[in-house]
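Q: Feature table excerpt (Swiss-Prot):
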ACT_SITE  11  active site
ACT_SITE  136  active site
BINDING   94, 95, 96, 97, 98, 99, 100, 101, 102, 103, 104  ATP binding site
């Protein structure tokens with residue numbers, strides 16, 4: 001049996017506040033997650049020999065560090081299944097961009113192999129396997145827009161208004177660990193409630209506490225923010241960056257902004273198509289109401 005073109009959607013952090021730090025060094029966060037239709041796709045073919053094979057390459061990522069492989073082996077160990085899988089991956093979500101691509105791929109692997117192998121784990125059981133893989137992995141298994149607290153394990157579903165987004169990736173890679181270890185990072189933001197978040201339009205609520213550190217350390221990102229502002233777009237960073245996003249009421253408005261930005265860059269002689277040396281990605285995307293695989297798991 002084979003599962004083809006299984007989606008792994010990107011996420012946006014609509015806001016991200018750092019409200020504390022645990023004794024073990026993990027930061028306590030408050031954030032709101034929303035999935036968008038920018039997605040990786042994975043393929044899973046069952047193997048009877050129990051092996052987990054990787055039919056793709058990720059530049060700079062060893063197989064032992066690959067979250068997809070780790071997720072597959074974690075499910076294997078937890079269930080005791082003797083089945084294996086050959087896994088393919090087509091990347092569209094930028095790596096290291098703050099859009100949760102690796103985490104989403106891992107979650108889709110847990111969900112898809114749970115279905116392919118017939119291991120029958122519930123959503124809560126899959127979420128328990130997800131958390132050790134990374135703080136963002138559980139929300140993709142949770143499968144809904146969520147208000148998150150703690151280190152990623154405390155999730156509450158929230159209903160968000162329809163929206164679209166323009167996602168821009170500056171020409172920079174931002175290591176998450178570097179940002180969280182910066183001495184100037186705000187770590188004592190006042191806590192907010194779900195009611196606080198829902199009382200305002202999502203584009204107006206809060207901030208990303210990681211953004212000032214990234215803007216100070218990475219001139220490619222701060223330059224992108226300034227350039228976009230000069231061209232009429234107020235953007236916010238997702239996660240630890242470097243991807244930026246602007247919210248729009250409808251997809252046609254986001255597409256128009258994409259076209260205007262890319263046209264401006266073409267006139268300046270800096271681009272063909274949708275990218276140029278300063279922006280690796282300029283993409284209009286629709287905000288999703290839920291994960292496309294949400295119904296693949298028994299609650």
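Glycine too: its Cβ is placed from the backbone N, Cα and C atoms.
Tell me what's around each of these sites.
A: For residue 11 (active site), the Cβ neighbour count at a 10 Å cut-off comes to 27, with all displayed protein chains included.
Under the DSSP three-state reduction, residue 136 (active site) is assigned to coil, being neither helix nor strand.
Using a 10 Å Cβ-Cβ cutoff, residue 104 (ATP binding site) registers 26 neighbours.
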Q: Whole-number Å distance between the CA of residue 136 (active site) and the CA of residue 104 (ATP binding site)?
A: 8
Q: When you average the Cβ positions of 94, 95, 96, 97, 98, 99, 100, 101, 102, 103, 104 for the ATP site, which other residues in that chain have a Cβ within 8 Å of that mean position?
A: 10, 93, 239, 243
Q: State the count of C-beta atoms found within 10 angstroms of the C-beta of residue 136 (active site), not counting that atom itself.
A: 25
Q: Which residues does residue 94 (ATP binding site) neighbour through Cβ under 8 Å, counting only same-chain ones at least six apart?
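A: Residue 94 (ATP binding site) has long-range Cβ partners 101, 169, 243, 280, 281.
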